[in-house]
(Lines of atoms letter the chains of each structure in order from A and count residues from 1; the text may use other names and numbers.)
(Lines give C-alpha, C1' and ligand atoms only; values in the text may rest on other atoms or scores of the structure.)
Protein backbone atom coordinates (compact mmCIF):
# COMPACT_ATOMS: atom_id res chain seq x y z
CA UNK A 1 0.00 0.00 0.00
CA UNK A 2 1.47 3.31 -1.04
CA UNK A 3 0.72 6.15 1.34
CA UNK A 4 1.18 9.71 0.21
CA UNK A 5 1.54 13.00 2.02
CA UNK A 6 -0.83 15.83 1.06
CA UNK A 7 1.93 17.15 -1.23
CA UNK A 8 1.99 13.86 -3.11
CA UNK A 9 5.26 12.57 -1.65
CA UNK A 10 5.32 8.91 -0.79
CA UNK A 11 5.19 8.18 2.93
CA UNK A 12 8.02 5.77 3.74
CA UNK A 13 7.76 5.75 7.51
CA UNK A 14 8.34 2.62 9.52
CA UNK A 15 5.08 3.35 11.28
CA UNK A 16 3.11 1.20 8.87
CA UNK A 17 1.78 -1.88 10.53
CA UNK A 18 3.12 -4.17 7.83
CA UNK A 19 6.66 -2.83 7.77
CA UNK A 20 8.02 -5.05 10.52
CA UNK A 21 11.28 -4.47 12.32
CA UNK A 22 14.27 -3.22 10.43
CA UNK A 23 16.39 -5.37 12.69
CA UNK A 24 15.20 -8.58 11.07
CA UNK A 25 18.31 -10.34 9.74
CA UNK A 26 16.39 -11.60 6.71
CA UNK A 27 16.21 -8.04 5.44
CA UNK A 28 19.96 -7.61 5.14
CA UNK A 29 20.13 -9.40 1.83
CA UNK A 30 17.44 -7.19 0.40
CA UNK A 31 18.88 -4.73 -2.11
CA UNK A 32 16.99 -1.72 -3.30
CA UNK A 33 15.85 -0.81 0.20
CA UNK A 34 15.04 2.80 0.84
CA UNK A 35 17.59 5.24 2.19
CA UNK A 36 15.52 5.45 5.35
CA UNK A 37 15.52 1.70 5.89
CA UNK A 38 19.25 1.53 5.28
CA UNK A 39 19.78 4.28 7.84
CA UNK A 40 17.58 2.55 10.38
CA UNK A 41 19.58 -0.64 9.93
CA UNK A 42 22.79 1.30 10.32
CA UNK A 43 21.45 2.88 13.50
CA UNK A 44 20.48 -0.53 14.81
CA UNK A 45 24.02 -1.72 14.15
CA UNK A 46 25.50 1.30 15.95
CA UNK A 47 23.16 0.67 18.88
CA UNK A 48 24.02 -3.00 19.30
CA UNK A 49 27.75 -2.32 18.89
CA UNK A 50 27.62 0.52 21.43
CA UNK A 51 28.92 2.94 18.79
CA UNK A 52 26.08 5.49 18.90
CA UNK A 53 22.42 5.83 19.87
CA UNK A 54 20.48 7.37 16.99
CA UNK A 55 16.76 7.01 16.28
CA UNK A 56 14.33 8.24 13.70
CA UNK A 57 11.57 10.36 15.20
CA UNK A 58 8.00 9.14 14.73
CA UNK A 59 6.02 10.79 11.94
CA UNK A 60 4.06 13.66 13.47
CA UNK A 61 0.32 13.09 13.29
CA UNK A 62 -2.55 15.40 14.15
CA UNK A 63 -5.23 13.34 15.85
CA UNK A 64 -8.85 14.47 15.48
CA UNK A 65 -11.00 11.52 16.52
CA UNK A 66 -10.40 8.41 18.61
CA UNK A 67 -12.80 5.57 19.37
CA UNK A 68 -12.70 3.30 22.42
CA UNK A 69 -14.13 -0.10 21.59
CA UNK A 70 -14.85 -2.23 24.64
CA UNK A 71 -12.10 -4.69 25.48
CA UNK A 72 -9.81 -3.65 22.64
CA UNK A 73 -7.28 -0.98 21.83
CA UNK A 74 -8.21 2.64 21.17
CA UNK A 75 -8.63 3.26 17.44
CA UNK A 76 -7.70 6.55 15.80
CA UNK A 77 -10.51 7.20 13.32
CA UNK A 78 -9.44 10.55 11.93
CA UNK A 79 -5.95 12.01 11.80
CA UNK A 80 -3.71 13.94 9.43
CA UNK A 81 -0.03 14.05 8.61
CA UNK A 82 1.72 17.11 9.98
CA UNK A 83 4.84 18.65 8.53
CA UNK A 84 7.83 17.96 10.75
CA UNK A 85 9.30 21.05 12.38
CA UNK A 86 12.64 19.40 13.08
CA UNK A 87 14.82 16.84 11.33
CA UNK A 88 14.12 13.11 11.16
CA UNK A 89 17.09 11.67 13.03
CA UNK A 90 18.90 12.55 16.22
CA UNK A 91 20.92 10.93 18.93
CA UNK A 92 24.21 10.74 20.75
CA UNK A 93 27.75 9.79 19.75
CA UNK A 94 30.44 9.93 22.45
CA UNK A 95 28.38 12.40 24.46
CA UNK A 96 27.94 14.72 21.47
CA UNK A 97 24.52 15.53 20.04
CA UNK A 98 23.96 14.35 16.44
CA UNK A 99 21.13 15.68 14.29
CA UNK A 100 20.43 15.05 10.64
CA UNK A 101 17.96 14.80 7.80
CA UNK A 102 18.29 12.30 4.95
CA UNK A 103 17.03 12.90 1.43
CA UNK A 104 17.43 11.27 -1.95
CA UNK A 105 17.18 12.36 -5.56
CA UNK A 106 17.15 10.56 -8.87
CA UNK A 107 18.97 13.49 -10.48
CA UNK A 108 22.55 12.80 -11.48
CA UNK A 109 23.91 16.31 -11.77
CA UNK A 110 22.38 18.24 -8.88
CA UNK A 111 20.47 17.95 -5.60
CA UNK A 112 17.20 19.95 -5.48
CA UNK A 113 16.84 22.11 -2.38
CA UNK A 114 13.06 21.78 -2.44
CA UNK A 115 13.70 18.58 -0.50
CA UNK A 116 14.16 20.76 2.57
CA UNK A 117 11.73 23.04 4.39
CA UNK A 118 12.45 26.41 5.97
CA UNK A 119 11.46 24.97 9.38
CA UNK A 120 14.11 22.30 9.09
CA UNK A 121 16.80 24.76 8.11
CA UNK A 122 15.83 26.92 11.09
CA UNK A 123 16.03 23.91 13.39
CA UNK A 124 19.48 23.01 12.04
CA UNK A 125 20.62 26.57 12.66
CA UNK A 126 19.55 26.29 16.30
CA UNK A 127 21.40 23.00 16.63
CA UNK A 128 24.60 24.40 15.11
CA UNK A 129 24.42 27.34 17.54
CA UNK A 130 24.25 24.80 20.39
CA UNK A 131 27.38 23.16 18.99
CA UNK A 132 25.57 19.98 17.94
CA UNK A 133 26.89 17.83 15.10
CA UNK A 134 24.43 18.65 12.35
CA UNK A 135 24.36 17.58 8.74
CA UNK A 136 22.28 16.20 5.89
CA UNK A 137 22.70 12.88 4.15
CA UNK A 138 22.19 13.28 0.41
CA UNK A 139 21.69 10.22 -1.74
CA UNK A 140 22.03 10.28 -5.51
CA UNK A 141 20.05 7.09 -5.99
CA UNK A 142 20.73 6.73 -9.72
CA UNK A 143 24.45 6.87 -9.02
CA UNK A 144 24.31 4.89 -5.77
CA UNK A 145 26.38 7.60 -4.09
CA UNK A 146 25.67 8.99 -0.63
CA UNK A 147 27.22 12.15 0.78
CA UNK A 148 27.31 13.75 4.19
CA UNK A 149 27.02 17.52 3.85
CA UNK A 150 27.63 19.57 7.04
CA UNK A 151 24.73 21.85 7.93
CA UNK A 152 26.86 25.00 7.63
CA UNK A 153 27.48 24.17 3.97
CA UNK A 154 23.79 23.51 3.40
CA UNK A 155 22.97 26.94 4.88
CA UNK A 156 25.17 28.57 2.24
CA UNK A 157 23.33 26.86 -0.61
CA UNK A 158 19.96 27.51 1.04
CA UNK A 159 20.74 31.22 1.32
CA UNK A 160 21.82 31.23 -2.31
CA UNK A 161 18.39 29.81 -3.25
CA UNK A 162 16.59 32.29 -0.96
CA UNK A 163 18.40 35.12 -2.67
CA UNK A 164 16.82 34.05 -5.96
CA UNK A 165 19.73 32.10 -7.37
CA UNK A 166 19.85 28.41 -8.27
CA UNK A 167 17.41 26.08 -6.52
CA UNK A 168 19.79 23.15 -6.23
CA UNK A 169 23.30 22.15 -5.22
CA UNK A 170 25.37 20.94 -8.15
CA UNK A 171 26.87 17.46 -7.90
CA UNK A 172 30.34 19.01 -8.01
CA UNK A 173 29.46 21.30 -5.10
CA UNK A 174 28.24 18.31 -3.09
CA UNK A 175 31.51 16.51 -3.82
CA UNK A 176 33.61 19.54 -2.88
CA UNK A 177 31.72 20.46 0.31
CA UNK A 178 30.58 17.05 1.49
CA UNK A 179 32.06 13.68 2.28
CA UNK A 180 31.36 10.46 0.43
CA UNK A 181 29.89 7.95 2.90
CA UNK A 182 31.12 4.37 2.50
CA UNK A 183 28.31 1.95 1.60
CA UNK A 184 28.83 -1.48 3.04
CA UNK A 185 27.19 -4.51 4.50
CA UNK A 186 27.12 -3.70 8.20
CA UNK A 187 26.50 -0.90 8.68
CA UNK A 188 25.00 -0.17 5.28
CA UNK A 189 25.63 3.59 5.51
CA UNK A 190 28.58 4.27 7.77
CA UNK A 191 28.04 7.96 8.49
CA UNK A 192 29.64 7.70 11.93
CA UNK A 193 32.94 6.89 10.21
CA UNK A 194 32.73 10.24 8.41
CA UNK A 195 31.84 12.08 11.63
CA UNK A 196 34.75 10.43 13.37
CA UNK A 197 37.18 11.58 10.70
CA UNK A 198 35.97 15.05 9.89
CA UNK A 199 34.09 16.50 12.88
CA UNK B 1 -11.90 15.36 24.85
CA UNK B 2 -9.99 12.84 26.96
CA UNK B 3 -8.02 10.32 24.96
CA UNK B 4 -6.77 7.16 26.59
CA UNK B 5 -4.10 4.65 25.71
CA UNK B 6 -5.08 0.99 25.51
CA UNK B 7 -3.80 0.64 29.07
CA UNK B 8 -6.20 3.30 30.25
CA UNK B 9 -3.64 6.06 30.73
CA UNK B 10 -4.71 9.48 29.57
CA UNK B 11 -3.08 10.63 26.35
CA UNK B 12 -1.67 14.12 26.92
CA UNK B 13 0.18 14.61 23.66
CA UNK B 14 0.28 17.96 21.92
CA UNK B 15 -0.72 16.18 18.74
CA UNK B 16 -4.38 16.89 19.30
CA UNK B 17 -5.78 19.32 16.80
CA UNK B 18 -7.29 21.52 19.48
CA UNK B 19 -4.20 21.85 21.63
CA UNK B 20 -2.73 24.80 19.76
CA UNK B 21 0.83 25.99 20.11
CA UNK B 22 2.44 25.97 23.50
CA UNK B 23 4.26 29.15 22.45
CA UNK B 24 1.08 31.20 22.60
CA UNK B 25 1.66 33.95 25.17
CA UNK B 26 -1.95 33.75 26.32
CA UNK B 27 -1.20 30.35 27.81
CA UNK B 28 1.43 31.63 30.20
CA UNK B 29 -1.14 32.85 32.68
CA UNK B 30 -2.81 29.48 32.73
CA UNK B 31 -2.08 27.65 35.97
CA UNK B 32 -2.73 23.99 36.43
CA UNK B 33 -1.15 23.11 33.10
CA UNK B 34 0.20 19.63 32.68
CA UNK B 35 3.82 18.77 33.36
CA UNK B 36 4.24 18.12 29.66
CA UNK B 37 2.90 21.53 28.68
CA UNK B 38 5.10 23.24 31.23
CA UNK B 39 8.12 21.40 29.85
CA UNK B 40 7.23 22.32 26.29
CA UNK B 41 6.99 25.97 27.30
CA UNK B 42 10.32 25.71 29.08
CA UNK B 43 11.85 24.18 25.96
CA UNK B 44 10.41 26.97 23.84
CA UNK B 45 11.99 29.49 26.19
CA UNK B 46 15.37 27.71 26.01
CA UNK B 47 15.10 27.66 22.22
CA UNK B 48 14.33 31.36 21.81
CA UNK B 49 17.01 32.34 24.34
CA UNK B 50 19.61 30.11 22.62
CA UNK B 51 20.08 28.16 25.85
CA UNK B 52 19.27 24.68 24.55
CA UNK B 53 17.39 22.90 21.75
CA UNK B 54 15.09 20.26 23.23
CA UNK B 55 11.92 18.86 21.66
CA UNK B 56 9.32 16.32 22.58
CA UNK B 57 9.15 13.46 20.12
CA UNK B 58 5.84 12.91 18.33
CA UNK B 59 3.62 10.18 19.74
CA UNK B 60 4.34 7.00 17.78
CA UNK B 61 1.35 5.86 15.76
CA UNK B 62 0.83 2.69 13.76
CA UNK B 63 -1.02 3.60 10.59
CA UNK B 64 -3.27 0.98 9.04
CA UNK B 65 -5.49 2.81 6.55
CA UNK B 66 -5.25 6.14 4.74
CA UNK B 67 -7.73 7.73 2.36
CA UNK B 68 -6.94 10.24 -0.39
CA UNK B 69 -9.89 12.52 -0.99
CA UNK B 70 -9.60 14.54 -4.17
CA UNK B 71 -8.26 18.06 -3.69
CA UNK B 72 -7.79 17.70 0.06
CA UNK B 73 -5.31 16.29 2.52
CA UNK B 74 -4.77 12.58 3.06
CA UNK B 75 -6.90 11.30 5.96
CA UNK B 76 -5.73 8.57 8.28
CA UNK B 77 -8.83 6.40 8.82
CA UNK B 78 -7.38 3.70 11.04
CA UNK B 79 -4.37 3.89 13.30
CA UNK B 80 -3.28 2.81 16.77
CA UNK B 81 -1.10 4.18 19.53
CA UNK B 82 2.23 2.42 19.83
CA UNK B 83 4.30 2.20 22.96
CA UNK B 84 7.35 4.45 22.73
CA UNK B 85 10.65 2.58 22.69
CA UNK B 86 12.67 5.60 23.75
CA UNK B 87 12.10 8.58 26.05
CA UNK B 88 9.89 11.55 25.24
CA UNK B 89 12.38 14.41 25.17
CA UNK B 90 15.82 14.86 23.70
CA UNK B 91 18.06 17.59 22.40
CA UNK B 92 21.31 19.47 22.73
CA UNK B 93 22.80 21.71 25.39
CA UNK B 94 26.28 23.16 24.73
CA UNK B 95 27.04 20.35 22.30
CA UNK B 96 26.08 17.68 24.81
CA UNK B 97 23.23 15.25 24.19
CA UNK B 98 20.30 15.53 26.63
CA UNK B 99 17.67 12.80 26.99
CA UNK B 100 14.86 12.52 29.50
CA UNK B 101 11.43 11.26 30.38
CA UNK B 102 8.96 13.21 32.53
CA UNK B 103 6.36 11.61 34.78
CA UNK B 104 4.03 12.75 37.51
CA UNK B 105 2.32 11.15 40.47
CA UNK B 106 -0.35 12.25 42.91
CA UNK B 107 1.31 10.22 45.65
CA UNK B 108 2.97 12.27 48.37
CA UNK B 109 5.30 9.70 49.88
CA UNK B 110 6.69 7.73 46.95
CA UNK B 111 7.05 7.64 43.18
CA UNK B 112 5.71 4.44 41.54
CA UNK B 113 8.15 2.81 39.12
CA UNK B 114 5.32 1.44 37.01
CA UNK B 115 5.44 4.83 35.31
CA UNK B 116 8.44 3.54 33.37
CA UNK B 117 8.75 0.73 30.85
CA UNK B 118 11.62 -1.73 30.46
CA UNK B 119 12.21 -0.38 26.93
CA UNK B 120 12.75 3.10 28.24
CA UNK B 121 15.17 1.95 30.92
CA UNK B 122 17.10 0.04 28.27
CA UNK B 123 17.21 3.13 26.06
CA UNK B 124 18.49 5.25 28.96
CA UNK B 125 21.20 2.68 29.62
CA UNK B 126 22.36 2.98 26.00
CA UNK B 127 22.40 6.77 26.31
CA UNK B 128 24.41 6.71 29.52
CA UNK B 129 26.93 4.38 27.88
CA UNK B 130 27.30 6.96 25.10
CA UNK B 131 27.99 9.58 27.74
CA UNK B 132 24.75 11.46 27.13
CA UNK B 133 23.13 13.54 29.87
CA UNK B 134 20.22 11.32 30.85
CA UNK B 135 17.67 11.74 33.61
CA UNK B 136 14.01 11.63 34.56
CA UNK B 137 11.86 14.51 35.73
CA UNK B 138 9.58 13.39 38.56
CA UNK B 139 6.69 15.58 39.58
CA UNK B 140 4.83 15.15 42.86
CA UNK B 141 1.78 17.03 41.66
CA UNK B 142 0.00 17.11 45.04
CA UNK B 143 3.08 18.72 46.58
CA UNK B 144 3.93 20.88 43.55
CA UNK B 145 7.52 19.63 43.74
CA UNK B 146 9.56 18.57 40.72
CA UNK B 147 12.83 16.66 40.90
CA UNK B 148 15.51 15.77 38.41
CA UNK B 149 16.77 12.25 39.07
CA UNK B 150 19.89 11.15 37.13
CA UNK B 151 19.36 7.97 35.07
CA UNK B 152 22.07 6.09 36.98
CA UNK B 153 20.08 6.57 40.18
CA UNK B 154 16.87 5.44 38.49
CA UNK B 155 18.64 2.26 37.32
CA UNK B 156 19.42 1.41 40.94
CA UNK B 157 15.78 1.70 41.99
CA UNK B 158 14.63 -0.11 38.85
CA UNK B 159 16.97 -3.02 39.59
CA UNK B 160 15.67 -3.10 43.16
CA UNK B 161 12.13 -3.45 41.78
CA UNK B 162 13.23 -6.11 39.29
CA UNK B 163 14.78 -8.09 42.11
CA UNK B 164 11.37 -8.30 43.73
CA UNK B 165 11.75 -5.51 46.25
CA UNK B 166 9.71 -2.31 46.51
CA UNK B 167 7.97 -1.06 43.38
CA UNK B 168 8.50 2.63 44.05
CA UNK B 169 11.10 5.21 45.04
CA UNK B 170 10.38 6.76 48.42
CA UNK B 171 10.04 10.53 48.56
CA UNK B 172 13.09 10.67 50.82
CA UNK B 173 15.12 8.67 48.29
CA UNK B 174 14.08 11.07 45.53
CA UNK B 175 15.17 14.01 47.70
CA UNK B 176 18.49 12.38 48.54
CA UNK B 177 19.36 11.19 45.03
CA UNK B 178 17.74 13.89 42.93
CA UNK B 179 17.74 17.65 42.62
CA UNK B 180 14.80 19.92 43.26
CA UNK B 181 14.05 21.87 40.06
CA UNK B 182 13.12 25.52 40.56
CA UNK B 183 9.58 26.31 39.36
CA UNK B 184 9.22 29.79 37.99
CA UNK B 185 7.56 31.95 35.43
CA UNK B 186 9.96 31.75 32.51
CA UNK B 187 11.03 29.05 32.19
CA UNK B 188 8.39 27.26 34.22
CA UNK B 189 10.61 24.22 34.92
CA UNK B 190 14.25 25.24 34.82
CA UNK B 191 15.90 21.84 34.48
CA UNK B 192 18.84 23.27 32.52
CA UNK B 193 19.84 25.19 35.66
CA UNK B 194 20.15 21.86 37.48
CA UNK B 195 22.14 20.31 34.64
CA UNK B 196 24.42 23.30 34.61
CA UNK B 197 25.14 22.96 38.31
CA UNK B 198 25.38 19.24 38.80
CA UNK B 199 26.36 17.56 35.50
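Keep in mind that glycine also has a Cβ here, set from the backbone N, Cα and C atoms.
Note: TrEMBL annotation is automatic and uncurated.
The shown structure was predicted, so the numbers you read here are calculated from the model rather than taken from an experiment.
So that you can see what the record holds, here are the features copied from TrEMBL:
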| type | residues | note |
| --- | --- | --- |
| BINDING | A:86, A:88, A:101, A:120 | Mg(2+) binding site |
| SITE | A:103 | site 'Transition state stabilizer' |
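Sequence features, as recorded in TrEMBL, placed on the structure.
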residue : record              : DSSP class
A:86    : Mg(2+) binding site : coil
A:101   : Mg(2+) binding site : strand
A:120   : Mg(2+) binding site : helix
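Checking the recorded positions A:86, A:88, A:101, A:103, A:120 against chain B with a Cβ-Cβ cut-off of under 8 Å leaves A:86. A count of other CB atoms within 10 A of each Cβ picks out A:101 as the most crowded of the binding-site residues A:88, A:101.
In sequence order, A:35, A:111, A:115, A:116, A:136, A:137, A:138, A:139 constitute the residues six or more apart from residue A:103 (site 'Transition state stabilizer') in its chain with CB-CB distances below 8 Å. The local packing around residue A:120 (Mg(2+) binding site), expressed as other Cβ atoms within 10 Å of its Cβ over all shown chains, amounts to 20. Using a 10 Å radius centred on the Cβ of residue A:86 (Mg(2+) binding site) and all shown protein chains, the other Cβ atoms total 22. For the Mg(2+) site, the Cβ centre of A:86, A:88, A:101, A:120 serves as reference, and the other residues of the chain with Cβ at most 8 Å from it are A:84, A:87, A:89, A:99, A:100, A:123, A:124.
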